[in-house]
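What Swiss-Prot says about this protein:
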ACT_SITE  C55  active site, nucleophile
ACT_SITE  C58  active site, nucleophile
DISULFID  C55-C58  disulfide bond
DOMAIN    26-133  domain 'Thioredoxin'
SIGNAL    1-25  signal peptide
Amino acid sequence: MTLGARLVAPMIILLLFIPIELVKAEVITLTPETFSDKIKEKDTAWFVKFCVPWCKHCKKLGNLWEDLGKAMEGDDEIEVGEVDCGTSRAVCTKVEIHSYPTFMLFYNGEEVSKYKGKRDVESLKAFVVEETEKAAEKAQLEDKEL
């Protein structure tokens, strides 16, 4: 095998994995420095998971939140975020998080709803899409009244 052939094979293998990384959905980690500004983004819903690393219920979620992020790709009105209440205690105190995990939906900076349903991607996605539509309609009505 020539030197060129030996270099081509690893490059092909590497290129096979690049699209996977480019398609990887982004779950945005929110911190005390970014939380307030992000959830106040106009006409944007933020579905946020509040957890701590030591919580067995949070650990049990596995890749659920990342899978939801992938499922929500392409929806410009909905962002998926997470807050580590161990390192971002101020955020969790501000929004009154008392148990883990807690899932909250925000729209235009306001809390819309807490999710307490089944913990699977389909249920989470259905919830966030439906609640975001309601929040957007409400915001449009309020804008018209101004």
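Keep in mind that glycine also has a Cβ here, set from the backbone N, Cα and C atoms.
Values in this document were obtained by computation on a predicted structure and should not be read as measured data.
Mean per-residue pLDDT, taken over the domain 'Thioredoxin' (26-133), amounts to 97. Residue counts of the domain 'Thioredoxin' (26-133) by helix, strand and coil are 37 helix, 28 strand, 43 coil (DSSP-based).
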